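Each remark here refers to the structure printed beneath this line.
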Amino acid sequence: MYKSMPLCWVLASLAACVFAMEAQDLEAAEQFYHIQGVYYPAWSVAVPAAYAVGGQLVSFSPDRLYPEATTNKAAVSASSSSGSDKKDQPQHDTTSKKNVRLPRTVLPIHYDVRLFPVLEKDNFSILGQVSIDLQCQMETDRIVLHSADIVVDPKSVKVIEQGKPAGKTLTVASDGIHYDTDMEFLIIRLEDKDKLAKGANYTLSMNFVGNLTDQLRGLYRSTYKEDGVEMSMAVSQMEPTDARRAFPCFDEPNMKATFTVTLGRHRDMTALSNMPEGMEEFYWDHFAPSVPMSTYLIAFIVANFTQVEADVGNATWKFNIYARPSARNQTQYASEIGPKIQTFFEDYFQIPFPLPKQDMIAIPDFAAGAMENWGLITYRETALLYDEKKSSVANKERVCEVIAHELAHQWFGNLVTMDWWTDLWLNEGFASYAEYLGAQHVEPGLKWPQQFVTRELQNVMSLDALESSHPISVVVHHPNEIHEIFDRISYGKGATIIRMLAAFLGEKTFRQGLTNYLKSHQYGNAVQDDLWDALTKQAKVDKVPLPTGVKEIMDTWTLKMGFPVVTVTREYQNNSVLLSQERFLMQRSNASSQDKTVYLWWVPLTYTTDFQKVGSTWLADGQTSKKHELSIPADKNQWVIFNVDQTGYYRINYDSKNWQMIGQQLMTNHLSISAINRAQIMDDSLNLAEAGLLDYETALNLARYLEHETDYVPWNAALTGMNYISSMMSRTSGYGLLKKHFRTIITPLYNLVGFDQKVGEDLLLTKLRTKAVSWACSIGNKDCISRTVNSYAQWMADPENIDIISPNLKGIVACTAIEKGDEAEWEFALNRYMASNVASERDVLLTSMSCSEKPWILAKMLEMSLNPTSGIRKQDAARVIIQVASNSLGRYITFNFIREKWTEIRKVVSNKFFSRIIKAVASSFNTELELKELIQFREERSEELIGAERATQQAIDRAKNNLNWMDVNKDTTLPTTFHTPSNDDESSHYY
Ligand code: BES
Ligand code: ZN
């Protein structure tokens, strides 16, 4: 019977294709048919069988397949019958914005998704069928769901009522299929007589065709070379709103359902999805039904990849790493730490990982760093693969961080999901906090708790100190707005305030409250208040003394933008301090006077005089800017430090005597102050000086203690601060003098850590060396320059020798040699880039290529970034542009480039990366002319900057800050405040 059915049923009926069939393939298809012993719609076996023949699939563009399907925005008002439940709709004012939310008249319960990604050159497409079990919540004559760039066969759309006796088929109106392309809705309207009844269940099914694009979203294609042969694979990236590009679905995070996935594939390939395979088949892989989950966590993959099974000890799940076959040797590290971190989180959350398997896969073309799809985590190659010989400590740190982050999401995000994207920060902020716990568990040598302060807290403060920052919790509607909030505020500030919360509640209470929260919302959704409730309850149980509820405290941090600077003025005569808070802004403009927000926070304060005893108190959000008096057990000759281990998200400024005493302590024995607080002191003082709240003399004198410092984290904080001064001054006549002063700070460090790595040394010492060498070379240390240039020359003479340059110095060696060298040095790096099989090494080489001082080479790199045949992947285009913009010579070339090649760039680069490009170009703008041009650019392109408006404003704010900074500091303070250390008595330098 089957043989008599037209094998190209789908294609024949949809695209009128004709192709030949071979007996052998028929047999395969038939075999499959019998093994199953169940009836499968003809199309579901037909397509892959046809494909396996290698038959000519006639090119079918979705656009011309179903002319009957109309695109008519006006015809149907989708939101006319929205539900009214609190969680169903955004809980904020939406009048000014279009309501892009789906109505809640029907809710999905289960999806049966069958997809066949066609990986044929000139015919990259997706053939699909979906059937969705729905429950009707409210009588309606239409079903509204998401769909984008998909064409549905109107004749295939069926709505069947479930139940006994066998379901009745409802009739779809003859003109009842509409696409609202703006809203990305598919609207299915029934004939007048038919209605979906409240409480009844239905199955909606349809066949459709989509595009397998190279746009790195939805279900898309990625390509790579294996033994010189070009290979294609299909892979998905759904978050936040692109599942609708792979199959019609209810694409909102709180419309959870279970999914049964079937993927069609060529016989040589492997198909993967969130769940393990249920059965062994030839052409179709059937995956077990999933747990209830959101659409953005669905994943589909069809590829010829290699599988490495990790040792999981006695865990209940399997754990696999997948990669290109020729990258197999780079999967070892991930397979070692993956299962360990997953086990760690099972213990931390006190909830077992609920799926039978976890897969992690490295994708050659991938827009984000990684994606936490439940049970099938996808990564950019640099975020999963690690080559013992060719990758650096920084690469190891990245892999460890990203794996821990995505695994934390399996609970926080996947098991309990934010109700709507407004609470995205809860997902990303929490994972960004928890990643440090997971990473510390497997890689303690990287001192993650210490690194947290520079990598997250101090890093995000620089953005959050701008007037154009935004609150963590943002009301968002449209996909563009949703994309825009995947930023440092959601991640870094989110992580930081959660760390602060864990610190003031105490780890035990925090963890138990968290477990209670996860258990009570598992397989469901939650808003931030649900987390605050669970923590408040646990704090009561544990009798944690709090000045008010967790919600009241945390609302001041999530609903207001920015953070405070707490000023500590000691009353030396009576052992007390006066405390006050105000918003820390890098620069105040007139705009702030129109902002009616009361910038006061609930500030959990801690302080110490010796790091043996820690005191704590609260500054209330209601205490206006009035001074709060606190008595502290400090002798008048004893320093006091606030914000112990910088667990609080605020800066501290002291009276000058206290600063001075801290400085003396640092000079005499810096180790009596914790490494995190040393980093805090460097970061706070340099930033307070930058904002004009502290004189540079104080800040730079504090930094003199660095001659004794050997820890990475305080150095990192200090160098980041100095980097700003350096980038501002680099085009001024004072730069020569500044460089000389920097040399006096860096040279002792460079001499201490040396150029050569010792076997088995501390990982953070290796990282410190990378920084020291990079700074030494950039400020013209002769030894540094000659060593780097020589090493590079040796490498050029012996290109296959990987022992000449340590991977930890390869970036700076290549950068310096290319900067000082000529075309040949650059060409060599390009050749090594093309030849390398290790993505992290490729990244390093590409970055160093942008160090060239030849304008034409920089221009060439910019052009290459957009050229699909240049060897630079689309995923890396933005990085290249950003790197060139970071070269002071390339900054302006890049600004011209983005103005000229605007349209082309927009085609290749997503909003998120476009924002980063604008920021990279403008970060060092500090002249009137540059600022004027930037503002003009924004005005000319305002319409096209949708989704990057805030980033553009932030770039403008930053340029204004810079201009202001130059006015104040350029000619006056800086050169005179730098002291060249001499043999003089140190204290005489010091005030
Ligand atoms: N959920 C994100 C991936 C994502 C990012 C999806 C942006 C859609 C838009 C994932 O968990 C993530 O945050 N990845 C980070 C890496 C992480 C270690 C901070 C990334 O992609 O950079
Ligand atoms: Zn994340």
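Here the Cβ of each residue, glycine as well, is placed from N, Cα and C on the backbone.
No curator has checked TrEMBL annotations; they are predicted automatically.
From the candidate list E381, E388, E428, the residue TrEMBL records in the Zn(2+) site shared with H405, H409 is E428. Within 10 Å of the Cβ of Y491 (site 'Transition state stabilizer') there are 23 other Cβ atoms, across all protein chains. For the pair formed by Y491 (site 'Transition state stabilizer') and E406 (active site, proton acceptor), distance between Cα atoms is given as 13 Å, rounded to the nearest Å. If you take every residue in the domain 'Aminopeptidase N-like N-terminal' (108-297) and average the pLDDT, you get 93. The Cβ of E406 (active site, proton acceptor) lies under 8 Å from the Cβ of M360, A370, M371, E372, I377, Y379, A431, each of these being in the same chain and 6 or more residues away along the sequence.
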